Amino acid sequence: MATRGLVSYLLSSFSVAVLSVFLITQYQNGYDSPLQSRLSPSLNSNLSSHLSSTDKTWPELKFSWRLVLATVIGFLGSACGTVGGVGGGGIFVPMLTLIVGFDTKSAAALSKCMIMGASASSVWYNLRVPHPTKEVPIIDYDLALLFQPMLMLGITLGVALSVVFPYWLITVLIIILFLGTSSRSCFKGFEMWKEESIMKKEFARQQETVVDSRGELLIDTQYEPLLPREEKSIMQILKFNLRWKRVVVLVVVWVLFLVLQVFKNDVNACSAWYWVFFCLQFPIALGVFGYESVKLCKEHKKRMSTGNTESICEASIAWTPIHIAFCALCGILGGTVGGLLGSGGGFILGPLLLEIGVIPQVASATATFVMTFSASLSVVEFYLLKRFPIPYALYLTSVSVLAGFWGQCLVRKVVTILKRASIIVFILSGVIFASAITMGVIGIETSIQMIQNHEFMGFLDFCSSQ
């Protein structure tokens, strides 16, 4: 019921925001018509400057208070972002623009580098720890194969929409999305906290000594098993967590998307070959997604027919066409937001995995695993386009690598000691909410400046904006 409410909130809010663009455009056209001779030149110059705002602002990498502050924020953002499985792009982009001084496009490219580094180190850490409750890999490869192609397809669509959508609309959509997902994740965290409290009380009650009717103490006689559970070494856990066939499929999808992106960027925008390379991404993504969807549906029906209600993967939902369509929609939406914002798409994927019943440890491990592919694809593309300075990229990526590893290590130890996995959910919710605040403040400030400068506030032409 709560999921339907969140989806209804997002769809209705997005629809109102997009429709408002047409109203603003009509108002702006009507306002400009009687003053065409006076305002048209300024509007045209503002529009052309907005479309051609490709000036690179790359500060020099040197020791200063700005670099120290950016390092601290980047470390904390990477540590918390990877633990929650959301990446942290909503924190990195404002930090790089406001504190360090990069232009928006370069900040988005460097944000991808940081997300890639933090996600990769987080994956390396997660591969070396066992599943907290089952004898299965901590990364759910079925969910990774289901979401990764749709996420990468959504990123491509998001990059295209970022050229067409006005800046103020992107800001509004991000605020709506982040507030919705953060509030839902926070509510989910409180529900898990209550369940964990009940379980801890029940466990404590069972551990207490019991007094019978005659006043005699009944000692709890729980003995260790004669054959204790075999402790695996780190190398054994690593080999068990890796599923090479699934990883190879994900790598193949990554390479195909990369090749198409490189070819697409080498041809003229909106040419015949441009649209051929653009459209070829759809059969690749839909093919892998469709194969995994059919597999999940067949296995679910087979289990139900035999009376086995055990979940196929970590998601505790029935794999029906409706649920699969919902997952596809969320995957594309997450990728689209990642393309618009410069993040890895985890702001949708992390909360979604929790919503479909994945435990926080596995949700975090799976989301960062998927984000490693999506973020690295963008990093390679940005490198070929020379969109970020190499020294800054290496430094910030190194900071994120350390933060991602130690953040996972510290939080997992806290979760083990307190026996509260809901801490991961609260971290996820906090990172999303902080991103909503930072992106919202910057977006509103920039939008006000655009209004004061009488800049064009409607949809832009895709081909002429490339």
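Each Cβ is built from the backbone N, Cα and C atoms, and glycine gets one as well.
No curator has checked TrEMBL annotations; they are predicted automatically.
Database features, via TrEMBL:
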TRANSMEM  6-25  transmembrane segment
TRANSMEM  67-100  transmembrane segment
TRANSMEM  106-127  transmembrane segment
TRANSMEM  167-187  transmembrane segment
TRANSMEM  242-260  transmembrane segment
TRANSMEM  272-291  transmembrane segment
TRANSMEM  366-384  transmembrane segment
TRANSMEM  390-411  transmembrane segment
TRANSMEM  423-444  transmembrane segment
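Counting Cβ pairs under 8 Å that are 6 or more residues apart, the transmembrane segment (167-187) and the transmembrane segment (6-25) reach 3 or more and are in contact. Beyond the ends of the transmembrane segment (366-384), by six or more residues, the same chain brings 82, 85-87, 109, 112-113, 115-116, 118-120, 122-123, 126, 139-140, 143-144, 147-148, 151-152, 155, 250-251, 253-254, 257-258, 261-262, 265, 314, 335, 338, 344-346, 349-350, 353, 358, 404 to within a C-beta distance below 8 angstroms of the stretch. Beyond the ends of the transmembrane segment (6-25), by six or more residues, the same chain brings 166, 169, 172-173, 176-177, 180-181, 184, 326, 457-459 to within a C-beta distance below 8 angstroms of the stretch. Counting Cβ pairs under 8 Å to the transmembrane segment (390-411), the top-ranked stretch among 67-100, 106-127, 242-260, 272-291 is 106-127.
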